[in-house]
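Copied over from TrEMBL:
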- 341, 342, 343, 344, 345, 346, 347, 348: ATP binding site (BINDING)
- 325-516: domain 'FtsK' (DOMAIN)
- 142-161: transmembrane segment (TRANSMEM)
Ligand SMILES: Nc1ncnc2c1ncn2[C@@H]1O[C@H](COP(=O)(O)OP(=O)(O)OP(=O)(O)O)[C@@H](O)[C@H]1O
């Protein structure tokens with residue numbers, strides 16, 4: 001610490017300023033011309049956010065038309081009642097108005113209280129003095145009233161002479177009658193009834209936001225600590241956007257985590273309040289508040305429902321809308337998707353939006369297996385090279401064959417990509433749009449959709465192992481896997497699959513556990529909560545992660561006619577079914593295979609070696625299998641991971657005794 005003595009004249013004291021360390025702030029200087037011309041401040045857009053894109057404009061018009069139409073009809077149906085009220089109140093109002101003018105003209109109010117006091121005190125002298133004052137004031141007022149009457153009469157005559165049509169007179173009379181009725185009605189009895197039963201949310205104000213954030217107890221003590229950068233609170237789509245900065249080091253996610261409390265503080269339903277991290281820094285919040293809860297809003301038109309729609313899985317395509325009614329898009333290539341939610345949450349239709357994107361890409365092969373058995377995708381069956389529906393053995397084994405085919409296809413495609421790379425056609429070692437479109441390249445995109453996939457995994461545990469490998473290997477090879485399930489617990493959908501699927505869409509779920517099973521541990525705490533949605537009512541709404549910014553998305557839901565038109569358009573684009581049906585793949589038994597690859601005299605084998613041997617034995621089934629996958633698959637049969645001697649070292653693997661014991665257990669159970 002240094003003490004800086006500063007010299008002043010005699011009348012001043014010496015001030016000792018404390019300074020810690022050296023000077024760090026840049027010296028103040030005037031702005032130069034160069035500073036001014038190089039300013040890059042963000043300019044505020046000329047067109048307001050609510051009118052900037054066609055969807056927002058349509059939403060505003062739709063809302064205004066809906067609201068205006070309802071209000072007009074409401075009042076129209078009650079017009080006889082209003083007419084009766086007007087008939088009663090208008091004469092009363094006319095009388096009140098005339099009396100008020102007269103009372104003013106005679107100066108009735110002039111020192112009224114004083115005169116009353118003088119009268120009560122029996123003081124005629126004072127009373128007369130006060131009354132003379134009243135008379136004096138009143139004299140001039142009669143002139144004003146007289147002049148006003150003459151002016152009015154002259155105006156009426158003038159208007160008549162100028163040729164006012166009768167409708168004009170009627171309009172003036174109606175206006176006067178309504179004015180009189182308004183003046184004559186009792187203060188607590190409005191002439192028109194209220195259109196809404198509760199106070200409709202019409203405007204988000206800075207005060208509401210500040211008070212709500214202070215009430216969250218996240219460290220904001222004073223409402224004034226919240227600042228709103230330009231353009232302040234404004235309309236954005238069908239709602240209001242408030243962008244605000246939190247004070248100090250408080251991050252926006254603390255507000256997101258308390259979305260429920262924020263909604264409570266604003267006195268609004270949770271799905272009307274949508275906080276997000278703002279664009280400028282982590283302490284900025286973009287709070288969007290809809291005019292209505294999102295579950296009650298309509299949905300903009302889906303671009304893929306157009307007559308000329310055509311997609312490419314390599315480009316972003318819309319599949320849903322967010323809370324602000326903005327389309328949400330995804331690039332299907334290199335993407336695997338897990339869709340979860342309770343019955344009636346809209347999983348099948350959500351999966352269908354992705355299938356629609358694939359269907360409208362004429363190079364993409366479709367394979368769909370639905371294990372609900374209600375034929376949600378039946379209309380798409382003619383577009384599919386493989387289609388299965390039901391929970392019978394045939395449908396389930398077809399589902400398994402699809403995965404086995406995909407795994408074998410990964411192997412074949414790996415070879416094809418290698419050759420393409422050698423030719424310089426696949427520099428990054430993955431499928432490109434050109435390769436995918438090239439006839440005979442064998443690298444066209446494949447879209448595999450398995451609805452209610454837990455049925456398949458429960459019936460064929462090995463299908464789950466294969467699906468995991470397809471999810472891992474197929475991405476770069478143009479194989480897209482979409483899994484929809486009601487239950488995502490470890491028995492129904494193994495965690496390994498959930499882990500390697502990046503895009504997860506959680507529709508309505510019952511609680512935090514289910515929410516996190518689909519979206520990943522900690523999602524609920526980070527504010528990604530699909531529990532706010534109710535099945536049926538909020539069908540199609542869900543929280544999506546791994547597709548850009550995490551947030552709420554509602555799937556597009558075309559009506560049956562539009563859905564049929566989309567399928568017809570896809571059929572027209574394709575001309576023929578792309579790809580071939582899967583062949584029946586011989587079911588393999590990993591336990592038996594593991595025992596078969598043990599060499600005579602071997603007491604055990606490390607997991608990595610076992611994985612290699614299995615891949616050699618049946619490449620169509622085990623290609624790409626890893627040591628961990630083999631360990632986890634065999635653990636289901638009760639095979640332990642034990643030390644196996646390799647040379648002088650002990651390495652974890654499967655022992656013959658453990659494999660045999662597992663086989664015996666199985667045989668006993670089968671009996
Ligand atoms: N985006 C949406 N908008 C409006 N309604 C929807 C939407 N998606 C689905 N629905 C409605 O929800 C109902 C249930 O949808 P769906 O069959 O996809 O649910 P699910 O989760 O697959 O149900 P289950 O588990 O019982 O099979 C549909 O019949 C439809 O009426």
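Every residue gets a Cβ built from N, Cα and C, even glycine.
Structure coloured by features recorded in TrEMBL.
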residue: 341; record: ATP binding site; Cβ neighbours (10 Å): 30
residue: 342; record: ATP binding site; Cβ neighbours (10 Å): 19
residue: 343; record: ATP binding site; Cβ neighbours (10 Å): 11
residue: 344; record: ATP binding site; Cβ neighbours (10 Å): 15
residue: 345; record: ATP binding site; Cβ neighbours (10 Å): 26
residue: 346; record: ATP binding site; Cβ neighbours (10 Å): 24
residue: 347; record: ATP binding site; Cβ neighbours (10 Å): 28
residue: 348; record: ATP binding site; Cβ neighbours (10 Å): 20
Coarse DSSP state, helix versus strand versus coil, of residue 343 (ATP binding site): coil
Cβ-centroid neighbours of ATP site 341, 342, 343, 344, 345, 346, 347, 348, 8 Å, sequence order: 486, 507, 508, 535, 539
